Amino acid sequence: MVSLGGFARKLFGSANDRRVRGYKGRVDAINALEAEMKALSDEALAAKTAEFRRELADGKTLDDILVPAFAVVREAALRVLGLRPFDVQLIGGMILHERAIAEMKTGEGKTLVATLPVYLNALAGKGVHVVTVNDYLAQRDAGMMGRIYGFLGMTTGVIVHGLSDEQRRDAYACDVTYATNNELGFDYLRDNMKYERGQMVQRGHFFAIVDEVDSILVDEARTPLIISGPLDDRSDLYNTINEFIPLLSPEDYEIDEKQRSANFSEEGTEKLENMLREAGLLKGESLYDIENVAIVHHVNNALKAHKLFTRDKDYIVRNGEIVIIDEFTGRMMPGRRYSEGQHQALEAKEKVQIQPENQTLASITFQNYFRMYDKLAGMTGTAATEAEEFGNIYGLEVLEVPTNLPIKRIDEDDEVYRTVGEKFKAIIDEIKSAHERGQPMLVGTTSIEKSELLADMLKKSGFSKFQVLNARYHEQEAYIVAQAGVPGAVTIATNMAGRGTDIQLGGNPDMRIQQELADVEPGPEREAREKAIREEVQKLKEKALAAGGLYVLATERHESRRIDNQLRGRSGRQGDPGRSKFYLSLQDDLMRIFGSDRMDGMLQKLGLKEGEAIVHPWINKALERAQKKVEARNFDIRKNLLKYDDVLNDQRKVIFEQRIELMDAESVTDTVTDMRNEVIEEIVAKRIPERAYAEKWDAEGLKADVQQYFNLDLPIAEWVAEEGIAEDDIRERITAAVDKAAAERAERFGPEIMQYVERSVVLQTLDHLWREHIVNLDHLRSVIGFRGYAQRDPLQEYKSEAFELFQALLGNLRQAVTAQLMRVELVREAPEEPQPLPPMQAHHIDPLTGEDDFAQAGETLLAVAPANRDPADPSTWGKVARNEACPCGSGKKYKHCHGIYEA
């Protein structure tokens, strides 16, 4: 029976259908210009770019020139690449231009679609960023699509790992820049650690089109980009605590797989306290005393490492290092590390070398990075299931773009078995059957462990004609994917999200030519062999089509419907036939976590025998409900985390904007003077209470404050003892003395050096305090949840206390800058041997090295006389030579102590 809503949709079409139909008028207008564009010479077509820019300068908007601009790009794509965007691709381009997400199925040409809005928006001259998930795709797409932009007189840049700042600056200066989300985010963070505007590489955030937008803005949303520097070595502590966990019994802890949490029971806590006490690590009586906060953190990490993290599923051990596996894509993520000591706990568990923990120097989430853009859009094959999240968090509407040809793929109902063993036996039989009939097959698994288990089982059954595609062998993945459509091919793959390479029936001729003819010089022989390869691939395609097209067989459901849909979407590209099917068991993770007990009892009552499966649409619906629950929970987590992160983000924006203002200003003398005057106001107000008699004034305290902040020995007690002296008189005398001392120092330095000194001190002090502030907010965030037990809203408490911490940061900044500038002196230092900078690490990428901000040998350096340095306050140290003893009194050289934090 058709519901009333279903009947209305049939009659009028869905809201999505109506929106898509609304683009038809402009599509017709673009098509009407096709003959006119074809008649233009290459030079005349390229000259359209300058013409459009003149029109924009004369007051037209991008919307006004959309139709002719799209027509120009379509013709250029045909001439340069031999590809003519279909009408549905024009619609996709318009959706992207209008700040929305275009959901386009696999094989529908998203890469080509992006060229339409990219060209249009690049005409504004502010730069357009096209965001991909890895360096390979960024280079591939920039190389291919850059030919279109180049033909039309535009420049194309690409940002990949390993480029110098100068190369990055040049790439960002181009009309169009292709880059990964990681590189963009880290360049932004690094830019806001620079000390001169000219050193920055990015030029703003105008328009970004994010490819695989669901992967970047949903799956990666919870992971912050972090640039960090090393802390002291604590490997002994990690190893000691790691030895305790295997000594515990199952009743000593509680594991919640749904929430990914692990906690000690009362019995476990008692055992742990005894072990810690024997090891001399426990302070006081209880593990949960305030002085044991750090130890609690370490033991919790060790428990999670042993009970929540699984080798070959969550991470692998390669070359003596723990390498994280992306749960959504199955890719290795070298260089990326779990934060807050969790990675070190895993290293202790696996008995590999423990790398030092890091202090966060700068961080931002993808959510907040991409929300900085004036205009944001995205493309993916699967976004509809996350439409609410895109709307709520990013203000992005999701529109499904119709396929150019109808989808012929058949999505079959799931087969559910009672045990994993029965399921895999059925899968092996199905793989052999598909191979015998010549049907190419993609077998999807949820982890490396599962893919290798299946591979071993296939070998034991006597079948070895398969390829394995997972994070262990990602170097070969492009070639394996390219040939996965050959008749009879069997490809076992971890989650295929973000692979970026289509599976073409018959194989990919271009990839084969690249591989097989790499050493063949251009000429008649190469042309003949290329032709032969293309003809062979065409015959293989016809054979694969006759066998039913690509067969996607999934061995398990993922907790996200979107990942399942991505796997299904590998089959049936561009109107090809295909089929997809999920083989499940009640022992699968999703089934086990979300109530398979009732289903198991029901299947037993139905008399299901060993090796038999149940196939029913009801099973699919029940699983979909379970997946929706997980998705809703994950969305709530991300939404809640964003509320907390927004607090830090608002403060980050203030600090970063302030840094840029300081770098852009001709002089920061007025800012420094204001800071100095505010410090005077603060110390006078603190030591001379309002309306208090002179006898109540704290003359000694005020004298000490003046000495601490202004490096002056003033006769405060004598002033206070004067007859009829007022608070304003004291303030004015201090101000006059301080201004005089500051003016004398400025005269000694000269205006040019003084401006450099002031700017350097303000920026370096701001950075130092900001890093400390980030750590303080992290600590606050880790404990704020307990306020809920006192019937207080943790988020409101966090906002309130974070604001107080920020106010304290600004107060500390005024005091530290003032104290340092009143002590700084010019000295000459002997030339020093070049020293390598300490490593900083950026999660997601390999360790980076910052630019050398130290002065070159023989230049004038700024230093504070040792007698004027406060060991407890780094802001009073000024410039410290790297081989000098650290002013903190540790006895170490500065470069091995506090100097390691200098970026």
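Heads up, the Cβ atoms here are built off N, Cα and C, so glycines get one too.
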Among ASP502, ASP510, ASP519, ASP564, Swiss-Prot assigns to the ATP site of GLN89, GLY107, GLU108, GLY109, LYS110, THR111 just ASP502
How far apart, in Å, are the two Cα atoms that lie farthest from each other among GLN89, GLY107, GLU108, GLY109, LYS110, THR111, ASP502, the residues recorded as binding ATP?
17
If you count the other Cβ atoms within 10 Å of each Cβ, which of the binding-site residues GLY107, GLY109 comes out on top?
GLY107
Among the binding-site residues GLN89, THR111, the one whose Cβ has the most other Cβ atoms within 10 Å is GLN89
One finds that other Cβ atoms within 10 Å of the Cβ of ASP502 (ATP binding site) number exactly 18
Tell me, how many other CB atoms lie within 10 A of the CB of LYS110 (ATP binding site), whichever protein chain they belong to?
24
For the C-alpha pair, I'd like the distance in angstrom between LYS110 (ATP binding site) and CYS886 (Zn(2+) binding site), rounded off.
56
Show, in sequence order, which residues other than GLN89, GLY107, GLU108, GLY109, LYS110, THR111, ASP502 on the same chain lie with their Cβ within 8 Å of the centre of the Cβ atoms of the ATP site.
MET104, THR106, LEU112, VAL113
Count of other CB atoms lying within 10 Å of the CB belonging to GLU108 (ATP binding site):
25
